[in-house]
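The repeat 'ANK' feature in TrEMBL is assigned to 103-135, 186-218, 352-379, 380-412, 446-478, 479-511, 541-573.
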Amino acid sequence: MKLSEIRTKFPLTDFATRHWLGHARAAGENQERLFLWTSKFFMDKPFIKFWLGFRNAIDEWPQALISNYGRVPALYFASLAGLNRSIEHLLDSGAKIDAGSIIGRSALQVAAHEGHMELVMTLLDHGATAKARNMRHHPVGSGSHITALAAASWNGHIQTVQLLLKHAPDIDAGAGCTTGPSGEYNFPTALWSASFNGHLEVVQCLLVGGANVNAYDWLHGTALSAALSTAHTQVSLLLLQWDADIHTSGGDSHGNALCAAVFGGDLALVENLLQRGARISSHEEEYETALLTAVEVDRIDLVDVLLSHYTDIDRKVLDDALRRVRSTTDRRVIKTLLDHGANINHPRTHLLHMLCEQGSLQTARLLLENGADVNNQLNQDRNPLITACQNDRLDVVMLLISMGADVNHNNSEGVSALQMAFIYKCFEIAGYLLKNGAQISEAKSYHDPPLLTSCNCGNFEMVKMLCEHGANINQQSMRNQNALEAACNHGDIAIVQFLIDHGANVKMCDSNALTVASEKGYLEIAQLLLAHGADVRGGSPYKTPMQAACYGERIQVVELLLKNGAEVSVTAFGYGSTLNNACHTRNTDMVDLLLNAGLDVNAQTTAHGIWYGCY
């Protein structure tokens, strides 16, 4: 029976499979009837497979993986629930006491992780190996732990830790690399696990039991860095009392003890480490410096205390710290770095560009007032002004211009701030640029000229402003489109009239203005163009106004074109004859109009008109 069918027939199946193990744990196994069932469940492999098909009892692994593999020993689940009698029954039946599960943990490690003290004792009495190592690593959920001691230490189970220490566990297991069947894994030590979670009693117990206070691996670092980064003050002080090395690297996450303390944010601990001689930076290691971390966590008090202890800090550290600044960073942090000599114009520092992009006006002002180059280019691509225009930051644009930004600078593609404003349709910024000296130069890129963009958007006020500032009204884009054609495409007759009144050449041999207006059915615009001398044949060898009007089913426009001398049987490459286009739309009125106007029914190009009508 399929799982879906079981759910339908037995509606409480999901509830039962989800909660039975927890209920068994709560009820205990003192009642014989309950023990009878639990013992049967754990001995019945088909049942376990059936159960796992509904419920993943191992939180670290997805349901699909558990149901597919099904290799988790029953002893694992009994330990997870803390069912002592079931454990003993399984062991008496031959279960391997140190067998790992699919995620690598043995019954002892699971019991230690859950804090099942009596069960840990039972397993040890039956010969479980306290030194047994987890051979698989999976960091999701509560995480994997290399030994039972590390698992118990992670959750602060002090009595379990004390019990395990009596059985000679590998107390420093996890330091360095541990090789498993799938490669090399890094596990934290028991001391690191307890320190990271702030379990003071466990840390004390482990230290007394002989744990190496400076045990280290490249991923996790030391126990001290773990305690400092999580701001566990008492644990940190205890480790320092046991001579924890403050200069050892903090692993992949933190550069050293001082970095970890700064990340944790405890000012008193940071000052304590500085008094002990901790270094603010160490460039022989490719790790974070404490100052960079202080900027990352955005703490002015930490930045101040770090800089106050070091008068000879090199420029590179300051420059690196400045590059960690974000738009939300406290401006006092930025000012402090600048006051101590950070180079705001360093080639790798793009802070001003970032602020212009995100619209951080006051922080941008701070940088400019402290010497930032207002025209600094980012990889020849854009300067701060172009960046602000691209992101529609009018207030930042106004600031940059007031500080001397070059309004006519072009980037490597030949795009100016004004063109960028038009590309992103930031018309308010464009108007401000024009009022402040921006020149309307010939297009040097594949982007449309400003006037054409304004016409395409129907922005009449911007069209007028551009013309007042000397825009070339007949300039064409890289696609050979001009402003008049763009205005016709948008359908704004007021803009079309304005362009004509200001010198737009309606008679340009390659103008498609009439063709565009005809296809879209803008009758009044078509009349206006024809009244000013537009060629009824259009300016394109590929499509004439008549073809466009027929294709768009614009009968009134067709009538207008015919009255103005348009050829009824016109053909052009790629668009067939007028009959082709009329038949393609299946508009009988259009076909009748063309036939009455003397259309040659046998005219054809790539396809016959009648064939289109029958298609």
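Cβ coordinates come from backbone N, Cα and C, glycine included.
Counting residues 6+ beyond its ends, the repeat 'ANK' (541-573) has Cβ neighbours under 8 Å at 512, 514-521, 523, 526-527, 530, 579, 581-582, 584-585, 587, 589-590, 593-594, 597-600, 603-605 in the same chain. With a threshold of 8 Å between CB atoms, the same-chain residues lying at least 6 positions outside the repeat 'ANK' (380-412) that come near it are 352-353, 355-359, 361, 364-365, 368, 374, 418, 420-421, 423-424, 426, 428-429, 432-433, 436-439, 441, 444. Counting residues 6+ beyond its ends, the repeat 'ANK' (103-135) has Cβ neighbours under 8 Å at 58, 60-61, 73, 75-76, 78-80, 82, 84, 87-88, 91, 97, 142, 144-149, 151-152, 154-155, 157, 159-160, 163-164, 167-170, 173, 178, 180-181, 187 in the same chain.
For the repeat 'ANK' (479-511), DSSP puts the residue distribution at 17 helix, 1 strand, 15 coil.
Counting residues of the repeat 'ANK' (446-478) by DSSP class, helix then strand then coil, yields 17 helix, 1 strand, 15 coil. Residue counts for the repeat 'ANK' (380-412) under DSSP, helix first, then strand, then coil, are 16 helix, 2 strand, 15 coil.
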